[in-house]
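Copied over from Swiss-Prot:
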COMPBIAS  15-25  compositional bias 'Acidic residues'
COMPBIAS  36-88  compositional bias 'Acidic residues'
COMPBIAS  107-125  compositional bias 'Basic and acidic residues'
REPEAT    478-520  repeat 'WD 2'
REPEAT    569-611  repeat 'WD 3'
REPEAT    655-693  repeat 'WD 4'
REPEAT    754-784  repeat 'WD 6'
Amino acid sequence: MKSKPVEKKRKVRDEESDSESDDELANGLFDGVLEASEDEEDYIPSDEIDDVDSESEVSEGSEDAEEEEEEEEGDDDALLSDDIPSDDEMGKLSKDAEELEITEPGVDPKPKHQEEEDRNYKVVKDANGGERYVYDEIDPVYDSDDSDAQGPVNTIGNIPLSFYDSYPHIGYDINGKKIMRPATGDALQSLLDTIEVPKGWTGLTDVNTGNPLNLTQEELELVRRVQHGLVPDEGYDPYPDTVEWFTSKQETMPLSAAPEPKRRFLPSKNEAKQVMKLVRAIREGRILPYKPPEEREREEEEKEEVQFDIWQDEEPAAPNPMHIPAPKLPPPGYEMSYNPPEEYLPTEEEREEWEKTDPEDREKEFLPQKFNSLRKVPAWGTLVKERFERCMDLYLAPRVRKNRLNIDPNSLLPKLPSPAELKPFPTVVQTIFRGHEGTVRSIAIDPTGVALATGGSDGTVRVWELLTGRQVWSVKLSSEDPVYTVRWRPTKDAFVLAASAGEDVFLMVPPHSSVTPTLDQASRDVLAAGFGYATNGQQPATAPGKEPAGKWARPGTKLEDAGVLVRVTVRSAVKVITWHRRGDHFATVSPEGQRSSVAIHTLSKHLTQIPFRKLHGLAQTVVFHPLKPLFFVATMRTVRCYDLQKVELVKIVQPGAKWISSLDIHSGGDHLIVGSYDRRLLWHDLDLSNRPHKTMRFHPKAIRAVRFHKGGLPLFADASDDGTLQIFYGKVPNDQLESPTIVPVKQLKGHKVVNQVGVVDIDWHPREPWCVSAGADGTARLWM
């Protein structure tokens, strides 16, 4: 019962021992054979090999091989007959294997330490405690079968790595150890690897190892040489020096070995004498080069002909610095073509008129003609005459050389400061005043800077709060005529507003939150003072049959209740109202009134006067001098300055404009600006000249209003029909020798153009750098 399992177990152990012994003995015999072969190649001398017969060597070798095989078989039998050998038995077997090494007679055995160095393996213990031979990796040399490429580390053979996808390793090395799969990074590491490319990087992966396949330094050098068109092998010389294995020179032994004499290395004196003799003969002409007879005869004939250079002794003259080249003829035009366009050909009437005109009075000396081809064009009959006249012009007409100056146009322009350095000035719209129906024709800010008055085409006058845009008061002056102008009385002792509608000028005291009862009563007293003066019989009498220059009256109960206290009626429609700086006089302009177009009104006396019997042109606008008793009247083309005390003409200013639209004077009284309908803004220095000091064109359409800042700020502005306002920085220096500084700083856009009309009027705040504008779009705007 128990014998069967024991036998089975014994049989299994025998098989395991057989396999282990076979592996160990096979390795041992293989190593011994290699050592024997190396010993034979290294230590057998050649003289002994010659003495030994080849046949005996073969027989001896075969006998030795048979003996070794018998011994190995005996050892195998011994191993098969027992169980796994012990350590003593393994030592005995290894000793027997050492005794079985093949040695040749007459050959000295190697020393033991040299044999250990020459061995290509190591002896280690296996799992059972036995010896195990671990061979070194083969390093191929130049004489090996594969010396170019190193043997693969992975020894799995030609097997796809996909078979190892489910294993942590990818194969085995030559020693049977597992080659673990290389670690792979995440996407960020892959991106960094592609950015920081190492030296020799190819972007490929080794199929056998899974590692990146990089090029070695030798491979990189090989690639570089191929790219540069060089020979791949650095040591290869494609153009070696020629080795003459055979020569045509016959080298014979000299008869004498004496050294060469010095005369062999020095030039011959006899030859030098012969050469100098030939040189002297060539210089003297006794030796001539060979020439054909024909050429020699031709030279002799040329020598017989004597030629003289008449300009031989003439010295070159310097070029005349006064020479002026003749002007060039103008290039021909289309009318001189033999086939001109139809519009250049004259009609029958033009031809007859040209023929009847005298040749001296003709604009052209010829009439354009048309020919179908150039060959049909006849000769020009007056060619000789034209050439003669051209020569006469060049001969008789004097020429003048004009020196042109190469001047940069930008250097002639004045250096203007930057607009950012000239602040403050208005830049943006702050408040929009809406309420009028139609065009807002006039606008004005009161002397305190709180209230704003506007007059429009709807015949109404409206008063607004300047900062909030709230309408405070409104009155309708006329249902037929528009309100052309509104102007505040310039003094602060009364709150009086003047407005014109048709032939009437209305004086009113509008209610406002800033007006105190005392100020309101003072304003009413100023307007009512003139009625007492007229009642006392002080009103000047007019000639019989003529209307008075102005009628002062009360407007009626309805308007008086609204705040309109006085109405002044003149002979024609009033378009302009201008106050004197003291507030007791104001002037009106009626362009259609002819002689009575300009009138001066006295508020304290309710008196109207016509200062001019005759005006040279239609009056457009007037303005009082801010400091002197001077009165400026602008007609269509000129501005006349009158002295009201002396009643005389002081100056005539000629702006050069075709039609003057507006006028204003600087607070200093020495400078004047004029706006015109021909799109020009003109600055006049009254002390300098009657002509404009500077002309500015910044608008594509007409300029309707110009205004200086009265509060001391160096600002002025103009309003145009293109819907824009142009703000200028205008500084007047105290020194009269200096010119004023005029810089355009800002263009304000906001108003819409209605029926070719844009911005109609403009006014400045008395203290702040703010301005207000009235436009044809029915709005008024406050710019800050």
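Cβ coordinates are placed from backbone N, Cα and C, and glycine is handled just like the others.
Sequence-distant contacts of the repeat 'WD 6' (754-784) (same chain, at least 6 residues past either end, Cβ-Cβ under 8 Å): 424-434, 436-445, 447-449, 452, 454, 456, 464, 466-467, 469, 701, 704-711, 713, 715, 717-725, 727, 748. Mapped onto DSSP helix, strand and coil, the repeat 'WD 2' (478-520) counts 4 helix, 16 strand, 23 coil. Residue counts of the repeat 'WD 4' (655-693) by helix, strand and coil are 0 helix, 17 strand, 22 coil (DSSP-based).
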